[in-house]
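J.: According to TrEMBL, the protein has these features:
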| type | residues | note |
| --- | --- | --- |
| DOMAIN | 19-160 | domain 'Peptide methionine sulphoxide reductase MsrA' |
| DOMAIN | 164-214 | domain 'Selenoprotein methionine sulfoxide reductase A helical' |
Amino acid sequence: MKPPTNAALLHDVDIPTKKATFGMGCFWSNDSLFGATPGIIRTRVGYAGGTTKNPHYRNIGDHTEVIELDYDPKTVTFEELLDIFWANHEYGLTTKLKRQYQSMILYHDEEQRKVAEQSYNKMQARCNEPLRTEIAPADAFYAAEDYHQKYRLQGHKDLCRSLGLDSSKLQTSHLAARLNGYLVGVGGRSQFEEEVNKLGLSEKQADYVRHEIERNEGGGLAC
């Protein structure tokens with residue numbers, strides 16, 4: 001019989017959020033990077049920015065791999081998310097790439113458009129080559145297959161089982177987003193300790209995460 005899941009686990013956070021959508025290369029790395037960023041409530045990876053209907057990983061069409069974020073604007077601003085965006089492109093900002101890995105900001109309202117364009121202009125002034133970042137309105141978002149969601153976390157199968165994580169929670173769980181970053185060292189030990197009591201983890205689960213943070217902190221996030 002499957003043991004009961006700890007009801008204290010912080011899968012659901014019900015507060016007002018805003019959305020942000022970025023294309024920064026391979027979406028596995030971005031899922032971990034943003035997942036452990038303060039103010040991020042939920043993350044999901046998928047395909048957007050194109051016209052192909054119902055894309056999937058083996059037939060992405062003219063879409064791009066993107067990360068879609070639900071964030072708390074009282075804790076982190078869109079400008080701060082853009083700072084992370086500009087600093088963490090796996091394949092660079094000026095390199096010509098296939099559409100799948102396009103650098104992209106998909107804005108959700110007029111304010112985001114203005115802020116994105118201002119941020120783009122500041123970054124372009126610092127670059128010797130033309131930026132290849134596309135800024136466009138957010139349209140249809142197609143969630144990627146389950147095996148892409150929280151990819152790093154899913155590599156820890158026993159932990160996932162103990163957390164009661166299944167496909168229904170991979171795109172919605174706050175805890176899953178946080179651990180998907182912490183387990184590869186994003187955020188670091190001190191940040192984890194600041195919030196570990198809120199996450200509802202057992203001491204055994206928390207010690208497991210601590211070990212992985214110490215093992216991986218400072219390492220790269222390349223896919």
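Using the three backbone atoms N, Cα and C, a Cβ is placed for every residue, glycine included.
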J.: Looking only at the domain 'Peptide methionine sulphoxide reductase MsrA' (19-160), report the model's average pLDDT.
T.: 95
J.: For the domain 'Selenoprotein methionine sulfoxide reductase A helical' (164-214), jot down how many residues DSSP puts in helix, in strand and in coil.
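T.: Residue counts for the domain 'Selenoprotein methionine sulfoxide reductase A helical' (164-214) by secondary structure: 33 helix, 0 strand, 18 coil.
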J.: Per DSSP, what is the residue count of the domain 'Peptide methionine sulphoxide reductase MsrA' (19-160) in each of helix, strand and coil?
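T.: Counting residues per DSSP class in the domain 'Peptide methionine sulphoxide reductase MsrA' (19-160), I get 50 helix, 34 strand, 58 coil.
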